[in-house]
Amino acid sequence: MSTAIINISSLVTNDPSLGEGPLGLIRDAAVVIDGDRIAWIGETSKAPATDNAVDAEGRAGLPGFVDSHSHLVFAGDRTAEFNARMSGRSYSAGGIRTTVAATRAATDEELEANLVRYLREALRQGTTTLETKSGYGLTTHDEARALRIAAAHTDEVTYLGAHIVAPEFADDPEAYVALVTGEMLDACAPHARWVDVFCERGAFDGDQARAVLEAGRKRGLTPRVHANQLGHGPGVQLAVEVGAASADHCTHLTDADVDALASGDTVATLLPGAEFSTRAQWPNARRLLDAGATVALSTDCNPGSSFTSSMPFCIALAVRDMGMTPDEAVLAATAGGAAALRRTDIGRLTPGARADLALLDAPSHVHLAYRPGVPLVSAVWRRGIRAL
Ligand code: NIG
Ligand code: FE
């Protein structure tokens, strides 16, 4: 069954060979979907005959957002902590413990219902691929169940047993690292593709982080790293050294960190929702882009540091406060996220790619930044199926 979406005023393909500029923009475009894939893409006047047609009536189109960093297997809420921050308290990694207690106390059904709720919320805002992590269980049983639940509902799953040192191990962090790299890893590896670690003061230092990533790699997981969020540290350099797919946050960078990101193939994933919700300094996207690094934008959706599931909101912040142009931000939220997940079948609209796309109630993708806070996403196809 083939469907043509016609009369798209301007379509971002992210394939420069298909249209103008780095976004491969096509005017008066049409997309033909066959099954779960894109079968054809071009101008509406040249579109081939199909079984069905949907008239976009001049709306803009773009690839569905690829949110490559979220923490959605959790229970409870941290409104009180957010309120305290907005009255001047500062953010620290220790808040994670509140969510760990609530998550351990929740049933599988409660965790699953919560996850599904936020996935739907993300989809309504144009997200068609989402990565999520464990990290609020911190026991072998609770980490493995988080990953099982995540794997049942999301595309990309990351083992983050090394989010913080579990409260039971407060006096013996090395014993916790041994658990994360031993028995817990054995139970978790079958459910995940990625291994992550929060390399930060108050969480794990460079040596501990390296041990976690190397152990994960030996079990077939590919590294990604929470790096340089709250201050300078070894996270970014470590990520590049171990060949991580992504270094995430990248808020506090030295010139050497920027050079490392620009010369390796580790994507710099920026998470402006976290700086917004912790009133922290913005990551400098301009500096990374000018140095030649690949940049992704993601939500980091979690109940502590960034409780937004909205990629359009992150795009608006990146344009307003991080030195990105609207084109760069849209690229980072689609193709950038795909690069951070080492995926070539998503994040762009080309024949053979997955039919994941969104239409906006706007004449172009630039309105995502130009009209912040406005729910512009008006239709979504995911794997070729109309999902909104
Ligand atoms: O990416 N930085 C570590 N983890 C999350 C925060 C988790 C939390 O505060 O619950 C983050 O910002
Ligand atoms: Fe995170």
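Quick reminder: no glycine exception, Cβ is built from N, Cα and C everywhere.
Annotations in TrEMBL come from automatic prediction, not curation.
Shown in sequence order, His69, Ser70, His71, Asp248, His249, Leu271, Gly273, Ala274, Ser306 are the residues of the chain, 6+ apart in sequence, with a C-beta less than 8 angstroms from the C-beta of Asp300 (Zn(2+) binding site). When secondary structure is read from DSSP and collapsed to three states, Asp300 (Zn(2+) binding site) falls in the coil class. Residues annotated as Zn(2+) binding site in TrEMBL: His69, His71, His226, Asp300.
TrEMBL lists His69, His71, His226, Asp300 with the feature Fe(3+) binding site.
Residues or ranges marked as 4-imidazolone-5-propanoate binding site in TrEMBL: Arg78, Tyr136, His163, Gln229, Ser305. According to DSSP, His163 (4-imidazolone-5-propanoate binding site) sits in a coil region rather than a helix or strand. Long-range Cβ neighbours of His163 (4-imidazolone-5-propanoate binding site) (same chain, at least 6 residues apart, Cβ-Cβ under 8 Å): Ile96, Lys133, Ser134, Gly135, Tyr136, Leu138, Phe198, Ala203.
TrEMBL lists Tyr136, Asn302, Gly304 with the feature N-formimidoyl-L-glutamate binding site.
The domain 'Amidohydrolase-related' annotation in TrEMBL covers 62-362.
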Given the binding-site residues His226, Asn302, Gly304, state which is nearest to Arg78 (4-imidazolone-5-propanoate binding site) when distance is taken between Cα atoms. Gly304
Are any of the binding-site residues Gln229, Asp300, Gly304 near ligand 2, with a Cβ under 6 Å from it, and if so which? Asp300
Distance check, please: Cα of Gln229 (4-imidazolone-5-propanoate binding site) against Cα of Gly304 (N-formimidoyl-L-glutamate binding site), rounded to an integer number of angstrom. 14
Mean pLDDT across the domain 'Amidohydrolase-related' (62-362), rounded to an integer, is what? 98
Out of His69, Arg78, Tyr136, which binding-site residues lie by ligand 1, with a C-beta less than 6 Å from some atom of it? none
Whole-Å Cα distance, His226 (Zn(2+) binding site) to Gly304 (N-formimidoyl-L-glutamate binding site), is 15
